[in-house]
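According to Swiss-Prot, the protein carries these features:
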- 2-22: transmembrane segment (TRANSMEM)
- 26-46: transmembrane segment (TRANSMEM)
- 79-99: transmembrane segment (TRANSMEM)
- 116-136: transmembrane segment (TRANSMEM)
- 137-157: transmembrane segment (TRANSMEM)
- 164-184: transmembrane segment (TRANSMEM)
- 199-219: transmembrane segment (TRANSMEM)
- 240-260: transmembrane segment (TRANSMEM)
- 267-287: transmembrane segment (TRANSMEM)
- 313-333: transmembrane segment (TRANSMEM)
- 343-363: transmembrane segment (TRANSMEM)
- 436-456: transmembrane segment (TRANSMEM)
Amino acid sequence: MLTFIELLIGVVVIVGVARYIIKGYSATGVLFVGGLLLLIISAIMGHKVLPSSQASTGYSATDIVEYVKILLMSRGGDLGMMIMMLCGFAAYMTHIGANDMVVKLASKPLQYINSPYLLMIAAYFVACLMSLAVSSATGLGVLLMATLFPVMVNVGISRGAAAAICASPAAIILAPTSGDVVLAAQASEMSLIDFAFKTTLPISIAAIIGMAIAHFFWQRYLDKKEHISHEMLDVSEITTTAPAFYAILPFTPIIGVLIFDGKWGPQLHIITILVICMLIASILEFIRSFNTQKVFSGLEVAYRGMADAFANVVMLLVAAGVFAQGLSTIGFIQSLISIATSFGSASIILMLVLVILTMLAAVTTGSGNAPFYAFVEMIPKLAHSSGINPAYLTIPMLQASNLGRTLSPVSGVVVAVAGMAKISPFEVVKRTSVPVLVGLVIVIVATELMVPGTAAAVTGK
């Protein structure tokens, strides 16, 4: 009975939050209210409000406010600062004319590509490769928004389509050393090499190709439906005085991430890399003009871009975090787990149930890690009691948690991309919905075809 009540409360609040965001209310305000309401109800029901890693203040009422403080410090300090730095960097690149120079140079070969959607797909594949270097979905999203997004928009790709490309690369896991993959390999009782490269990677590649094709047709359909015209920017309209080599500057963060990954050079944080990139750009500006006042005034543009990012993106991330914690403390995730364990032992049925519940949990909470970490703990027990190959259950769940995050209007990556693109999170979700669902279907079918369903098939008995 309690499980039903917790699910009902979660669903009612989720529907209410979605309704008011769709009606045009501030997403930050609506998510804050929804999250605080869930935390208050959790406290009344006797649930612990703060995560287990945090010490209570002694009172549930102050614990609620304490959690908001924790999020402000964590998301405003690390992730938030990274987002603000990326937004400030993007603003500075526009100010000094580097983005204009990229478009000016790129427009020449792009004249031979009749469809901007082909360029969009090429950008998607590049973005997917970037996920190997940047493991954070939100971090990858904001990095792509600061680098690829302006280029895509300026060469004729709609803002919605370009935002979808930046939001969706982390939906399918490629990185073999990410925490999710390591945990999934353990739950599957396989070595990391066998699990990541021999089993998961072929499925991931198939899903990425399918999602790329889906992006091509779905973004084109939505653009036609919404009467969005695609006109290549007239190069003659670009009046930038920046030298041609400035075209490399917007991509220096990506180059820095690849170089300073601990293999080719020292391992540096993305914020450190961005500081280096800003210093390089400002020094080049000084060499061009020998005008210190002009350089300092230009940097003020970057600072204002950082301030706008705090108001439009970081605070939205904090509100989304409060909402996700409210769903967690109310028992919403645990209730979904209880439902999963009540189903029978048929491998395909159990796999589909786990995929759907993991996807639902990821969509509602906005987290890819939390639902997977919660569900994956019961995989070995479920698999052994049912005679099912653990990997058969783990791989679709692993991908479903990340795919579901891309469909969540409260997930960090969707919120950050929407905020930087200045469009609604629901617009991003709409743009990613069909490609994500296509990817999910491919993952399920590929798992059924490529991964043995029974433990006996794996052991050869």
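Note: Cβ is positioned from N, Cα and C throughout, glycine not excepted.
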Listed stretch, out of 79-99, 116-136, 137-157, 343-363, that has the most CB pairs under 8 angstroms to the transmembrane segment (313-333): 79-99
Seg_contact(the transmembrane segment (79-99), the transmembrane segment (436-456)) with at least 3 CB pairs under 8 angstroms, min sep 6: no
Best-contacting stretch, by C-beta pairs under 8 Å, relative to the transmembrane segment (116-136) and drawn from 2-22, 26-46, 240-260: 240-260
Tertiary contacts of the transmembrane segment (137-157) (same chain, 6+ residues out, Cβ under 8 Å): 79, 82-83, 86-87, 89-90, 93-94, 99, 102-103, 106-107, 110, 116-117, 119-120, 123, 126-127, 130-131, 163, 165-167, 169-170, 230-233, 250-251, 253-254, 257, 270, 313, 317, 368, 402, 405-406, 411-413, 416-417, 420-421
Remote residues contacting the transmembrane segment (436-456) - C-beta distance under 8 A, at least 6 residues beyond either end: 168, 171-172, 199, 202-203, 206-208, 210-211, 213-214, 347-348, 351-352, 355, 359, 383-384, 387-392, 395-396, 399-400, 403, 406-407
Other parts of the chain folded back onto the transmembrane segment (199-219), taken as Cβ under 8 Å at six or more residues beyond its ends: 117-118, 120-121, 124-125, 128, 158, 160-161, 164-165, 168, 171-174, 176, 181, 184, 190, 391, 395, 398-399, 431, 434-436, 438-439, 441-443, 446-447, 450-451
Highest-contact recorded stretch vs the transmembrane segment (240-260), from 2-22, 267-287, 343-363, CB pairs under 8 Å: 267-287
